[in-house]
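Report on the following structure.
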Amino acid sequence: MRIDIVTIFPTFFDVLDISLLGKARQTGRIALGVHDLRDHTHDRHRTVDDTPYGGGAGMVMKPGPWGEALDGVLDGAEDPVVIFPSPAGEPFTQAMARELAGEQHLVFGCGRYEGIDQRVFDDAASHARVRLVSLGDYVLNGGEVATMAMIEAVGRLIPGVVGNPESLVQESHGDGLLEYPSYTKPAEWRGRAVPPVLLSGNHGAIAAWRREQSVARTERVRPDLLP
């Protein structure tokens, strides 16, 4: 998969050089390009924002630098998906992460200030599939944190990135439920014992217990996930 990021803070994404995603880059499973939006400005202050038409608080990101940056990233690209993190977008879910993991090319546009000029979205939609995506019902200072979260959620679903594919099925949201509680050695710690069923060696009973715990946790914490 090819991933491109347009941002005014390119060093923010240096963390993608480490951990599983860093290894995925080293092995060629993920190719990453980070592009500084300010490289596409033409004034000595490298200005990327201006006051909003119609008045109002804050600044809006100018279409010019965005247009040039996206033109460069999308030139020659085959059927890319351009994602703009936005609290006004569709909610990001595990199902969307699985969908995006099947794409060949993702482009993330990290907005700041009061957002990006609407014409940038409209123009990009004439070259690519554009999606505004919300990480949750809250507002961040910019799109970088949301982009990082989405890249990690998507990247780990690419075949070969996570060592044991079975772990992707068993974790929270893998089957529409929250994950069951996990335990490791020692069998007793500070007077708290591991549930006996997990020590029984009875795989059928263990599977049933885990399913029961997943359903109970989902009912308690996220009842909206249940049918």
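Positions of Cβ are set from backbone N, Cα and C atoms, glycine also.
Per Swiss-Prot, S-adenosyl-L-methionine binding site is recorded for Gly111, Leu135, Gly136, Asp137, Tyr138, Val139, Leu140. Of all the Cβ atoms in the protein chains shown, 7 others lie within 10 Å of the Cβ of Tyr138 (S-adenosyl-L-methionine binding site).
Of the binding-site residues Gly111, Gly136, Gly111 has the largest number of other Cβ atoms within 10 Å of its own Cβ. Annotation: Leu135 carries the greatest number of neighbouring Cβ atoms among the binding-site residues Leu135, Val139, Leu140 [cut-off 10 Å, Cβ to Cβ]. For the recorded site, Leu135 (S-adenosyl-L-methionine binding site), the DSSP three-state label reads coil.
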